[in-house]
């Protein structure tokens with residue numbers, strides 16, 4: 001057991017812990033904060049996978065922007081709502097059974113997967129490589145993504161705008 | 001640098017995806033369902049980055065693709081939140097069972 005494997009164990013443990021807490025906690029804000037634990041742990045996992053730029057973007061976008069957005073959503077709606085877990089137990093059991101079947105199906109597929117020893121040089125000049133790849137090979141998708149973001153922003157503004165004559 | 005094989009990352013992503021799928025299917029609060037969908041998207045991103053390092057052709061493309069995926073996920077959350085707030089203004093509820101009609 002070396003340090004990298006230890007780091008992977010801790011990070012994946014906290015990631016899964018955040019997910020399980022999210023399922024089991026009762027208050028909505030607590031659920032959101034526990035899923036932030038998962039997001040930050042996944043940023044560490046990205047560093048282990050020699051994707052430093054994606055790790056920084058993960059922290060900025062997921063545990064920064066999306067969490068703030070969801071927090072505002074919770075605060076603007078019914079922030080005192082609690083989950084009642086007893087309402088649909090048979091439905092939860094059926095969903096759990098389906099998810100477990102799905103888990104073992106995919107696990108049988110990835111159990112013996114092996115492609116090679118892995119890339120050794122991805123971590124060197126990571127951000128430069130990402131930038132060169134985006135701005136040379138993927139320029140058109142990059143610009144399309146900017147249009148998608150603009151349309152999503154305008155759509156969000158239009159959807160939440162209070163129209164004339166609408167009751168409170 | 002690469003002492004961990006590919007499988008642990010894929011299994012971690014699979015477990016996170018299963019947690020997110022279970023939550024999205026069983027939770028009643030619409031915001032929690034959105035969070036669970038985000039968790040599933042994160043699991044897919046872990047897969048993309050893992051294959052960019054340990055795939056058949058190790059390349060930077062997987063990381064670039066995960067960046068695009070994160071961007072689209074952010075747009076999705078923004079639109080989902082807008083729909084949710086507009087819906088809450090009409091129904092005064094975030095319970096997903098109350099959203100069973102298309103009429104306003």
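Placed from the backbone N, Cα and C atoms, the Cβ positions cover glycine too.
For A:6-25 (among others), the entry in TrEMBL reads transmembrane segment. With a cut-off of 8 Å between Cβ atoms, the residues of this chain six or more beyond the transmembrane segment (A:6-25) that come close are 31, 34-39, 41-42, 44-45, 48.
The transmembrane segment annotation in TrEMBL covers A:32-49 (among others).
Long-range Cβ contacts of the transmembrane segment (A:55-77) within its own chain (Cβ-Cβ under 8 Å, at least 6 residues beyond either end) map to 28-29, 32, 36, 39-40, 42-44, 46-47. Marked as transmembrane segment by TrEMBL: A:55-77 (among others).
Per TrEMBL, transmembrane segment is recorded for A:89-110 (among others).
Residues annotated as transmembrane segment in TrEMBL: A:138-159 (among others). Away from its own ends, the transmembrane segment (A:138-159) comes close to no residue of its chain (no Cβ-Cβ distance under 8 Å at least six residues beyond either end).
Panel annotation: around the transmembrane segment (A:32-49), residues 4, 7-8, 11-12, 14-19, 21-22, 25, 55-56, 58-59, 62-63, 67, 70-71, 74 of the same chain, lying at least six beyond its termini, place a Cβ under 8 Å from a Cβ of the stretch.
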